[in-house]
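Some notes on the structure that comes next.
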Amino acid sequence: MSEKRVEKKLIHYVKKALNDYRMINTGDRVMVCLSGGKDSYTLLSLLNSIRIEGNYKFDIFAFVLDQSQPGWDDSALRGWLDDKKIPYEILTRDTYSIVKEKIPAGKTYCSLCSRLRRGIIYRYAEEQGFSKIALGHHRDDLIQTLLMSVFYNGQIRSMPPKLLSDNKRHVLIRPLAYCQERDIIKYAMEQQFPLIPCNLCDSQKNLMRQRVKRLISDLAKENPKVPSNMLRALSNIKPSQLMDHELWNFRELNVD
């Protein structure tokens, strides 16, 4: 697939997600969380292209959190943002030391790291008056999270395309919700984004997500529709076919 075709495909699915879930309204100030990885770069690049087209009237801003990880170098990232004329701020907060101190060797860092990062993001968005917080999770993240929740937490849940935060102060959006990771990888390579590796995540390759990712990949080899069917299942819930008493009144279920 050519560079333009990949970009066109991704933009199509981003616009579909924006419209399906009314993610961005006219006049919104959208804060895109840029981690330095392929997903967040792709999200920012595509949203910026859509903004430039002019059919969606919103402002865009890149928020970068420097978590004081060893080897962090954002000079190329700054250059890329300057070249694209995207306003941004790089905020330094040493969450790396906290995570390394609190989490025993061999355990997963992601949960604590995410909580610390989320708190900083929420505070910054509120202080600066942003109406939407855009995250770079894609289709594969959504379906992997579904299985991880079932297998390891005993819950049927995932990452919704649009979410009101627990404190009711922030609206989070995931415009890449319909986009496949393989297309994002291709697009990121073509765009030659100056990626910044995560020394925490990249040092833990044998995590639950990697195992679930392999499982879905293996199933997709037998049936290519497995990933798309899983995504479709997230919007095709049948409460009466499950066991949640809060969703369905089983105790009072009788023949009239």
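Numbering starts at 1 and runs along the chain as displayed.
Just so it is clear, glycine is given a Cβ too, placed from its N, Cα and C backbone atoms.
Here is what Swiss-Prot records for this protein:
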- 35-40: motif 'PP-loop motif' (MOTIF)
- Cys110, Cys113, Cys201: [4Fe-4S] cluster binding site (BINDING)
Number of helical, extended and coil residues in the motif 'PP-loop motif' (35-40), per DSSP: 3 helix, 0 strand, 3 coil
C-beta crowding around Cys110 ([4Fe-4S] cluster binding site), within 10 angstroms: 17
Assigned conformation of Cys113 ([4Fe-4S] cluster binding site) - DSSP reduced to three states: helix
Cys113 ([4Fe-4S] cluster binding site) CB neighbourhood, other CB atoms within 10 A: 21
